[in-house]
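Right, one structure below, let's go through it.
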Amino acid sequence: MLTKFETKSARVKGLSFHTKRPWILVSLHSGVIQLWDYRMCTLVDKFDDHEGPVRSVCFHEQQPLFVSGGDDYKIKVWNYKLRRCLFTLLGHLDYIRTVEFHQEYPWILSASDDQTIRLWNWQSRQCVSILTGHNHYVMCARFHPTQDLIVSASLDSSVRVWDISGIVTTAGLGGSNSQEGLRSKNVAPGLGSSLLDEHPSLPHQFSGRGGGGGSHSRTTPELFSSGDAVVKHVLEGHDRGVNWAAFHPTLPLLLSGSDDRLVKLWRMSETKAWEVDTCRGHYNNVSCVMFHPRQELILSNGEDKSIRVWDLAKRVCLHTFRRDDDRFWVMAAHPTLNLFAAGHDSGMMVFKLERERPAYALNGNLLYYVKERFLRRLDLTKNKDVAIMQLRTTGRMTPPYSLAYNPAENSVLVTTRNTNTDNSCYDLYQVPKEESAGETTTPTEAAESKRAGGFTAVWVARNRFAVMDKHHQVTIKNLQNEITKKVAIPSNVDEIYYAGTGMLLLRDPENMSMFDIQQKRIMGTARVAKCRYVVWNNNLSIAAMLCKHNITILNRKMERLCSFTETSRVKSGAWDDSGVFIYTTSNHIKYALTNGDTGIIRTLDLPVYITRVQGTSVYCLDREPSPRVMTIDPTEYKFKLALVQRKYDEVLQMVRGAKLVGQSIIAYLQKKGYPEVALHFVKDERTRFLLALECGNVDVALEAAKALDDKACWEKLAEHALMHGNHPVVEYCFQQTKNYDKLSFLYLITGNLAKLKRMMKINEIRKDYEGWYTNALYLGDASERVRVLKSLGRTQLALLTAKTHGLEQEVESLASSCDIEVQVAPDATLLQPPVPVYSSGDAPWPALTKAKGFFDAAPSGSGASKTTTSAAIFGDEEDVVATAGDGWGEDSDEEVTAAAAAAGGSGEEKGEGGWDVDDDDLELPPDLDVSVAAGTATDGSGYYVPPPRAPPPSQGWSQRSQLAIDHVIAGSFESAARLLHQQVGVVNFEPYRALFLASYSHSRTSFPGAVGLPSLLAYPARNWRAAAQKDQLPVLGLTLRSCMDKLKEASQLTTVAKFTEAVAEFQAVLLCAPLLAVDTRQEVTEAQNLVRICKEYLVGIQMELQRKTLGKTSPEDIKRSLEMAAYFTHSDLQPGHQILTLRTAVNLAFKLKNYKMAMSFGRRLLNLGPRPEVAQTIRKVLQASEKNPVDAIEVQYDEHNPFNICAMSYVPIYRGKPEVTCPLCGASYLPEYAGKLCRVCTVAEIGKDCIGMRVSQLQFR
């Protein structure tokens, strides 16, 4: 038995599979109905409307309905889409044991302890018929799958078969006008099944008692009338009460299970029914029996804690599956899939009886697979599928486990495994030639084979195969099935896999190893736990190890290329011709690249098993097994593969011609460092702007900024352009935002004094005296500064400025208007700006020559013609000047004209011949040979290009480590913050600022170099002894021991009652914990304990500080103070601090006359062994409290019920109540505080779903 899904709950009494969705209904003895998705292992919904146990549930085959019956005598019909009860059928007088929908008719069948069986019409909500005849509880009633029959089982030891064709005829269901006849008798006018979703409420003529989430319908037909149903057969043969009965889906057979521990098989005809045989084996009451829907098997379970599978033909028990402590009560079969469910005392389980994975082997275009005891061959190119031979049978429920084909000898190895490994075996077959194979006829006789016991058999050479026996010993055999060699392998190996000629893959519980048979030694080992299947690529260079929920890809040297985890089960996989691994899970077809990138190709309704991938076609087998061909779109993974392989021409081709998903591709390209490629997919201007900044494409960013025309965008573009030295773009951005101060400073640092003078005139026109004066300072123009001060009326400052700079005329004119004599300090120095060494003018700063890549010429967002950056800027500059006023360049035209005249003429004259420098007519001797001087070049490329700077060691730290502290030390604060958010839910990073900066500064040392050069940096490594230089990681300034020392200091502060300082210390330790990096699992545990201790102290101390703020006069405050003191005693503190909390609680409870609480606190305190004087005082308190052990104040405190303290409201959250926790410190909160900032750690979001704190690389394996 293969368990697929299991739940833990109260006793399960009813089960029902949905016909199409992967859902199962579970009714519990506690009164709850659960709806589970057994494929995703999640609870979909819960229905709680019954009073008492719910003993049966059943899905409707077409409508979104299910019916339930319970011990409250009610039958309820529910709509799971509306998530409520539609109506209730009343009429039974005792517990309802089973309910069931009819497959075709609008009927519900119910069996009850009132000794009746009732037939209901759920459309009209009336009781159609009451079947009486049993004289004890009716435990079960079931419809026949195809005929108008009902079978019932009762504790009166009988099984009855009822003929309901009379009801069908009366209702008009058997004739041509069936629906009209039915509605004329049993349905309200105008109310049909199609109207149920539109009008779920009950019509007025059927209104009954309200309540229960729906309406009630009570009908009172004639109680003891047989109606139109008659008893066809009464089967008596059991000695005790019968618990279950069931029809065979196709044959005239019946099953019954009884308290006499027997399962009986009955046959019936039109006139009589008789017992065929009895299945004996259960040693307690049989609870449920059923026929297998598609095989000749019987299933039964009972209170002997077992499920048994019987052979229908031989009536012998084939398999028994037991549980240790749980009795089984009910069982259900899926209507179409090979799935079963069984309910027991502590939950339920969904299981299969046998593996459904087909055994297959691929050789070129030929697929060999086993179906219904036949070996079949499918030609994938011609789509020709033939049965080539019949295999020997190995018993029921034991399909072939694996198939291995040898093309050299045209032989196959078929391995069959049994739950009892002693019965596992393999068969060696010689496949018939293609000419003699059964091309048109199916072979009727089993082929001859060489069979022997063995757990696994795989080919290792042209005429040799390896066999692992039940003792896990490996032998090499020839085609005559004779042992040629015994191979010694490690004792813990439990499986072998094919790995090429002369090689085997060995699996142990923790590792996979490559084993050389000739050399008899292990060539390599990789840590892969519980591998189930191995899939090699075509040249056997890469293998995919498929586990239950993991896939690991290794090369032939057993080096790990990548590993990833799936939430659903991994089923199969195959390698594409391009080297991409295509695999299936329960729900999807997915792809994986060898660098670890994965993605979804398409979804699946039912699992399939991939055999080959070729182009857009996926060849696979389903669970029948039948061959299928599925079409996929490989564009996405081929695009990613081309990027990984740096085939940029293919990338550009796919970018231009393929239709790729926008947001996912953009996110992938940004993550992998190809934002310039992502520019090809983006149409949104803001996204284009951000991507262009990320890849340093200032031109595209400028175009996007023009389209957005947003101040924030202009400022961000100016910042990035300044980093790139592209100050024309910076100038344009400052002009757009009218940021004249920054624009003036830009002109100063670039040496553009002419534009700086224009800016000064603009500020003068705008009456911006501060900017005017600042520009005068930048230019060193003292007379202009005097003018500014005079305009402001600051005569004394103007006089001082003029006198300092020796402006005698200005001094004379200002001295007359100034009453105070101004003295110049003798040590005063003039404020003169430095003279620009180099003026770049309107050109950007010079940069190194860099070859353009494939993706540098990203398409622009608009259809405008492409222009250079300078042209784009200067074309719009006149608009800015016009808005500034007339001060821009008012005398520049005259200066240019005068300079041109001084040069000797106008530049407009043409045709005068120019300079006479033509040397074509010179006659030089031909024997002269003048070599080109070194260092020059005729192509204009002879300038010196310095080599690029080597990357510092810190650049690789964040790439080699997934720990947040390594990203912090590398200076990658953004990725460190992202890791902290993913791992422990940090959303407030302000407290981490100092820690980040301190850790960053600890990672490097500085020492002086040559004179006049900057200092040199060195990067100490923490793993310098064991790792190569390229794999080294930075030294840590924050260690686990330093955190322990801080924890001791915080504990000492707690002891001396300096609570505020203690809170700060504990929070500092708590913030440091996610930034630790340790090497052993013991240290990981210590770091986790560190967080737990800090949390306990912080919650308790903060609650104590809150308690001390309460008043002492109000009864509410006094009560609240006592409660919080009691809660503090349950914090997990050190014994010394625990004694202090208990002393506080004892004193407060005794003073408030809560003597019972004081006694409880006192006993707990004495158990901790306090000092003798403290113990003596507590004993006196106990003696005084025992005289009157009552509490004067009733408080919300139950010491016997375990609870956590809400760190926000300081109220108890008792076990079983809903709560949310902080992902960093683990503090508990009530659900209404989810999404808020944690009060304990002050940085994490309450209730955020995170992966947990990671402080070691061991936690990522």
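Using N, Cα and C of the backbone, Cβ positions are placed for all residues, glycine too.
Of the given residue ranges 885-920, 921-956, 1101-1136, TrEMBL assigns the label region 'Disordered' to 885-920.
In the repeat 'WD' (279-320), helix, strand and coil residues by DSSP number 0 helix, 24 strand, 18 coil.
Sequence-remote contacts of a segment are chain residues at least 6 beyond its ends whose Cβ falls under 8 Å from one of its Cβ atoms, and for the repeat 'WD' (131-165) they are 94-95, 97-98, 100, 102-103, 107, 109-113, 115-119, 174, 223-224, 226-236, 238-247, 249-250, 254, 256, 258-259, 266, 268, 273.
Summarising model confidence by region, the repeat 'WD' (279-320) averages a pLDDT of 92. Taken through DSSP, the repeat 'WD' (131-165) splits into 1 helix, 20 strand, 14 coil.
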